[in-house]
Amino acid sequence: MKKITINDLMKWKQEGRKFASVTAYDASFAQLFEQQEVPVLLVGDSLGMVLQGKPDTLPVSVEDIAYHTRCVRAGSPNSLLMADMPFMSYSTPEQACESAAELMRSGANMVKLEGGSWLAETITKLTERAVPVCAHLGLTPQSVNIFGGYKVQGRDSDHAEQMVKDAILLKNAGAQIILLECVPASLAERITKAVEVPVIGIGAGNATDGQILVMHDMFGISANYMPRFSKNYLAETGDMRTAVTKYREDVEAGVFPGQEHTFE
Ligand code: KIV
Ligand code: NA
């Protein structure tokens with residue numbers, strides 16, 4: 001696979017070409033994903049749950065993400081590698097710059113932050129200082145204690161309008177990717193059309209430019225439970241390489257996610 005950059009993703013969006021991405025936490029899987037030509041990888045703070053066995057993502061540290069980012073970069077030199085900024089590592093723009101520096105030095109190409117309009121100033125500061133940003137909206141798992149659980153977001157029309165506004169605001173602040181988690185498919189479609197930058201979805205229907213899955217969900221091996229929007233590609237294919245390729249091809253063909261993986 002050739003080196004993937006944000007320019008490739010922008011071009012694919014303009015061409016209407018869908019792309020797959022997956023989380024990765026170590027060199028061996030990162031290499032396998034690169035060999036199966038998955039263009040975008042994420043070192044997600046989901047590692048708190050799938051690697052550390054914690055009930056949520058809040059205990060994850062910048063050092064945890066930095067360590068796994070170094071591992072993934074070692075296995076996948078050419079993917080566009082995003083790294084999650086953990087809970088409370090970006091509560092001020094200054095702190096965000098320090099945390100992001102650590103992740104970029106570890107090999108990330110972009111950092112991902114959870115939140116709405118309050119992040120605009122932070123996103124501008126990061127991008128001005130050469131740190132590309134992905135803004136994660138919708139079900140933002142670091143806010144589980146505010147939401148009172150993992151629930152689909154943007155179902156009522158006020159909340160939906162707010163999310164469209166936030167996506168545009170954060171894109172204007174400098175965000176180069178928007179990621180939407182667990183939102184109704186029609187809302188994700190609106191946001192995908194409203195912003196010029198690529199939109200990646202998870203539990204957000206199949207109208208987004210890209211899709212992402214937690215790798216443990218794609219293989220059906222998550223320690224806790226299987227979210228309704230995920231699919232166990234290992235069960236269907238019988239081996240990991242074929243599972244990854246099938247997932248990528250299903251995303252590119254617009255076949256995954258299907259109705260059964262989608263909220264309305
Ligand atoms: O941490 C993670 O794995 C994520 C994805 C689910 C988008 O943020
Ligand atoms: Na995350």
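Note that the numbers count up from 1, one per residue, in the order the chain is shown.
Quick reminder: no glycine exception, Cβ is built from N, Cα and C everywhere.
Keep in mind that this is a model prediction, so the values were computed, not measured.
The active site, proton acceptor feature in TrEMBL is assigned to Glu181. Annotation comment: TrEMBL describes Asp45, Ser46, Asp84, Lys112 as 3-methyl-2-oxobutanoate binding site. Per TrEMBL, the feature Mg(2+) binding site maps to Asp45, Asp84, Glu114.
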Asp84, Glu114, Glu181: which of these recorded positions put a Cβ within less than 6 Å of any ligand 2 atom?
Asp84
For the C-alpha pair, I'd like the distance in angstrom between Glu181 (active site, proton acceptor) and Lys112 (3-methyl-2-oxobutanoate binding site), rounded off.
13
Please state how far apart, in Å and to a whole number, the two most distant Cα atoms are among Asp45, Ser46, Asp84, Lys112, the recorded 3-methyl-2-oxobutanoate-binding residues.
12
Whole-Å Cα distance, Asp84 (3-methyl-2-oxobutanoate binding site) to Glu114 (Mg(2+) binding site), is 9
Identify which of the binding-site residues Asp45, Glu114 has its Cβ surrounded by the largest number of other Cβ atoms within 10 Å, counting every protein chain shown.
Asp45
Can you list, in sequence order, the residues of the same chain other than Asp45, Asp84, Glu114 whose CB lies within 8 Å of the CB centroid of the Mg(2+) site?
Gly44, Ser46, Thr57, Val60, Met85, Pro86, Phe87, Lys112, Leu113, His136, Pro141, Gln142
Length of the line joining the Cα atoms of Asp45 (3-methyl-2-oxobutanoate binding site) and Glu114 (Mg(2+) binding site), in Å
11
Number of Cβ atoms other than its own within 10 Å, given for Lys112 (3-methyl-2-oxobutanoate binding site):
24
For Asp84, Glu181, listed as recorded positions, tell me which one has the smallest number of other Cβ atoms within 10 Å.
Glu181
Cβ atoms other than its own within 10 Å of the Cβ of Ser46 (3-methyl-2-oxobutanoate binding site), all chains, total 22
